[in-house]
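*Asks:* First, the structure itself, so that you have it in front of you.
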Amino acid sequence: MIYQANNQKQRVLADFDQALVWSVVLLLSIGLIMIYSASIAIAEAQFGADRASYYLLRHSAYLAVGLLLGLVTFQVPMRIWQKYVTYLFMISVLLLALVLVPGIGHEVNGSQRWISLYVVNIQPSEFVKLFMVMYAADYVSRKAADLNSFLKGFLPITVVLSIVGFLLLLEPDFGAFFVVTALVMSILFMGGVSLKIFIALIGILAIGLYELILSSEYRMARVVAFMDPWADPYGKGYQLSHALIAFGRGEWFGVGLGGSVEKLFYLPEAHTDFLLSVLAEELGFVGVAAVILLFIWLIMRTFVIGRLAAKLGNTFSALVAQGIGIWIGVQALINMGVNMGVLPTKGLTLPLLSFGGSSITANCIALAVILRIDWENRQRLRGLNV
């Protein structure tokens, strides 16, 4: 009986990419530990010493919801996702528009990115990223023969991207706009779009991004602060200068878990956008390197899964897996770049680690989709229909 139970357990584990699963488990675990460490001071100040675990418990609840939805998501075949993705995408865009409606949208730190449900705030842009990946993957898989045509293949998806981008910029959420644009462009490139059209659009987008920065006072202020945070360390460069101080204090091995000084009201958003800075201070270069390697490994696995799906003839699944990998990779890269002073502040969370209900829920659903693709790949290799 014990032998049979062990064999059954091995068969279950063989149905999943264990390297992907463990990289996700480790990142989620590190996130929980660091959120608790980074948020103790602010939780005590806001809610009292007896509620120091407030943000940890809240994030744990978000994670539990995300894992539950991920479990449900895993049961849905990819053919069903492809069949209904257009409707899901339209709903997510509608929610993105509702954010801008007075009385429905909820403003935080000068940006109207949330819909308040009293108990929680939902950030539709996080789910738009997921469904934009699926919509673009479905579009490219259906329109593969027309991708070299500007009017038939390229223009329709560009119009859709423009509508989503316009709504994101109205919030404003420049970081999400950049990520969504990068996702669509990457999926088009992987789908085999004409190189001439692709390069032309990259040029147009680069000019557009440059103009968007120049036309916005607050974006220009962020760029100026990024160029030299020490020129105004108590004003525009305050957040970045303290993030860099946190990295400097961490050195090789950090000051020890829980020993961060910057999280004590010096570094704003320590448990959200700038969690990596607290991690760098407490765990040092070694801790940051470990997190980066886990992200690299996770992204590599998504591409391996996507490549196998392509070999098995499922273009939609292949593009979804690789698109989600690019989403996580681009957003992680931007967040890390901001924390290290390599990129201007964008307001993006670190996937799987930072505090945030919508972010962690969308991440869990996205990773469940990848696990579903991997599971379907393995079933097809065994000659089974899915």
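Using N, Cα and C of the backbone, Cβ positions are placed for all residues, glycine too.
Taken from Swiss-Prot, the feature transmembrane segment applies to 20-40, 61-81, 85-105, 114-134, 150-170, 187-207, 279-299, 318-338, 350-370, supported by sequence analysis.
Show me how these features fit into the shown structure, please.
*Replies:* If you look at the transmembrane segment (20-40), the same-chain residues 6 or more away from its ends with a CB under 8 A from one of its CBs are 52-56, 59-60, 63, 257-258, 260, 263, 270-271, 275, 278-279, 282, 291, 294-295, 297-298, 301-302, 305, 350, 352-355, 367, 370-371, 374.
For the transmembrane segment (85-105), same-chain residues at least 6 beyond its ends with a Cβ under 8 Å from one of its own Cβ atoms are 112-116, 122, 124-125, 127-128, 130-132, 134-135, 138, 163-164, 167-168, 170-171.
Listed as Cβ neighbours of the transmembrane segment (114-134) (distance under 8 Å, sequence separation of 6 or more from its ends, same chain) are residues 81-82, 85, 88-89, 92-93, 95-96, 98-99, 104-108, 164, 168, 171, 173, 176, 179-180, 183-184, 187, 320, 323-324, 327, 356-359, 361-362, 365-366, 369.
Residues 93, 96-97, 99-100, 125, 128, 132, 135-136, 139-140, 143, 176-177, 180-181, 184, 188, 193-194, 197, 201, 212 of the same chain lie 6 or more positions beyond the ends of the transmembrane segment (150-170) yet place their CB under 8 Å from a CB of it.
Within its own chain, the transmembrane segment (187-207) has Cβ neighbours under 8 Å at 133, 136-137, 140-141, 144, 147-148, 150, 153-154, 157-158, 181, 315, 319, 322-323, 326, counting only residues six or more beyond its boundaries.
Within the same chain, residues 19-20, 23-24, 26-27, 30, 34, 37, 246-247, 249-263, 325-326, 328-329, 332, 336, 339, 351, 353 sit at least 6 positions outside the transmembrane segment (279-299) and bring their C-beta atoms closer than 8 Å to a C-beta of that stretch.
Taking Cβ pairs closer than 8 Å, the transmembrane segment (318-338) reaches residues 78, 81, 129-130, 133-134, 136-137, 140-141, 175, 178-179, 182-183, 186-187, 190-191, 240, 243, 273, 276, 292, 295, 298-299, 301-303, 305-307, 309-310, 344-346, 348-352, 354, 363, 366-367, 369-370, 373-374 in its own chain, all 6 or more past its ends.
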